[in-house]
Amino acid sequence: MVEPTRARVAVDVRAGALGAEEADAVRRLVADAAAQDGVAPVSEQPLLWLRSDEAPVVHVLARSGAAADGELAGYAQVDVGATTSASAELVVHPSARREGVGTALLTTARETAARVPDRTLRVWAHGATPAARSFAAAVGMPVVRELWRMSLDLADRPDRPDRPLPPHVTVRPFVPGEDEEAWRRVNSRAFAYHPEQGRMTSADLRAREAEAWFDPAGFLLAEREGLLLGSVWTKVHAAGELGDEPVGEIYVVGVDPDAQGLGLGGALTDLGLTHLAARGLRRAVLYTGAENEVAIRTYRRVGFEPESVDVMFGSDTPGSPGGVTMAP
Ligand SMILES: CC(C)(COP(=O)(O)OP(=O)(O)OC[C@H]1O[C@@H](n2cnc3c(N)ncnc32)[C@H](O)[C@@H]1OP(=O)(O)O)[C@@H](O)C(=O)NCCC(=O)NCCS
């Protein structure tokens, strides 16, 4: 379906996997915007969903008369997996900005969200650049969630042993093909309140296992008597992704609600950092909800400091706390 909108912008709304060439055009658009803005406008999950038939998303492709054949002026991905609110990430090519492309994408994203009565739309702005803030203000969307990136200099890490694990708890690496279901169960319990992380399926997990960065040696499971209590999952970003040097990420720390308060979260974070330092990395990052004081306190204690912010704009009031990569 191709719908003409104002200012020579044609918007193509699609469900299901994009073709290989279209997905490449989206990746090029995202890379061009990232080079211009200094921050990637679309996060990992939407990029993994470009070629997925099962993803709960709608793709919105914007072409304008000025763009070369096959090149996109803009792209939005609307996550329609939840019934109360849909979330979107949207990007306009740097050479096509201030021409109404962003407004056209947003209008279509809002219409997509509104296919379910009373479902609202929220939009993520990574880095919350002045353009994104002005755009959100212009279209009447206030801030509803804030996600911090915190970072730590691994070389400056105090030279002390890792925090001890609670009694009888042992740690071992994740085994692909065996641990998926147990991990998914604990993850969904630990992040029951979290709109994205808590909803990760075994298929989402397997998609990450297929990524080049996936390394089970940096994905540690904590067990007591064979029962999974929590995990720390690290990720190494290649040079160029988050700066000139490779960077380690504390990707997910989750502790089952029944095992929270024992010091397991802090001990697992230490083990993750020790793993990243042993890989020769000098910087570690993590993402956490600005309102998650317990997680932020834990991370500050380890030495993390806030570095940048992602902002979610929407037109309704915030529901769950959300935006947190660590269960307290
Ligand atoms: C934010 C973004 C999507 C805007 O796209 P766009 O196509 O330039 O937006 P529009 O042309 O529809 O702009 C609509 C209004 O937003 C405001 N606006 C947009 N960019 C602005 C800027 N750089 N400075 C000031 N106001 C701006 C203006 O009021 C504009 O209307 P006007 O041009 O008539 O003054 C684009 O800059 C982008 O892709 N940024 C990187 C990704 C991102 O931040 N996405 C999250 C968006 S919430």
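Yeah, the Cβs are placed from backbone N, Cα and C, and that goes for glycine too.
Not measured: the values here are computed from a predicted model.
Summarising the annotation, TrEMBL assigns acetyl-CoA 1 binding site to Leu90, Val91, Val92, Arg98, Glu99, Gly100, Val101, Gly102, Thr103. The Cβ of Thr103 (acetyl-CoA 1 binding site) has 18 neighbouring Cβ atoms from other residues within 10 Å, across all protein chains displayed.
In this view, Arg297 (acetyl-CoA 2 binding site) is surrounded by 10 other Cβ atoms within 10 Å of its Cβ, with every protein chain counted. Arg297 (acetyl-CoA 2 binding site) falls within a helix when secondary structure is assigned with DSSP. What TrEMBL lists as acetyl-CoA 2 binding site is Val253, Gly254, Val255, Asn292, Glu293, Val294, Ala295, Ile296, Arg297.
In the predicted model, the domain 'N-acetyltransferase' (11-155) shows an average pLDDT of 93. Summarising the annotation, TrEMBL assigns domain 'N-acetyltransferase' to 11-155 (among others).
Taken from TrEMBL, the feature domain 'N-acetyltransferase' covers 169-328 (among others).
In space, Leu90 is the closest of the binding-site residues Leu90, Val92, Glu99, Val101, Thr103 to Glu293 (acetyl-CoA 2 binding site), judged by Cα positions. Counting residues per DSSP class in helix, strand and coil order gives 50 helix, 44 strand, 51 coil for the domain 'N-acetyltransferase' (11-155). Geometry remark: Ala295 (acetyl-CoA 2 binding site) versus Val101 (acetyl-CoA 1 binding site), CA distance 38 Å. Proximity to ligand 1 (Cβ under 6 Å from any of its atoms) holds for none of the binding-site residues Val253, Val255, Glu293, Ala295. Other than the site residues Leu90, Val91, Val92, Arg98, Glu99, Gly100, Val101, Gly102, Thr103, same-chain residues with C-beta atoms no more than 8 angstroms from the centre of those residues' C-beta atoms, the acetyl-CoA 1 site, are Ala62, Ala73, Gly74, Ala96, Arg97, Ala104, Leu105, Phe135. Each residue contributes its Cα atom, and for Val253 (acetyl-CoA 2 binding site) and Val101 (acetyl-CoA 1 binding site) these two points are 38 Å apart.
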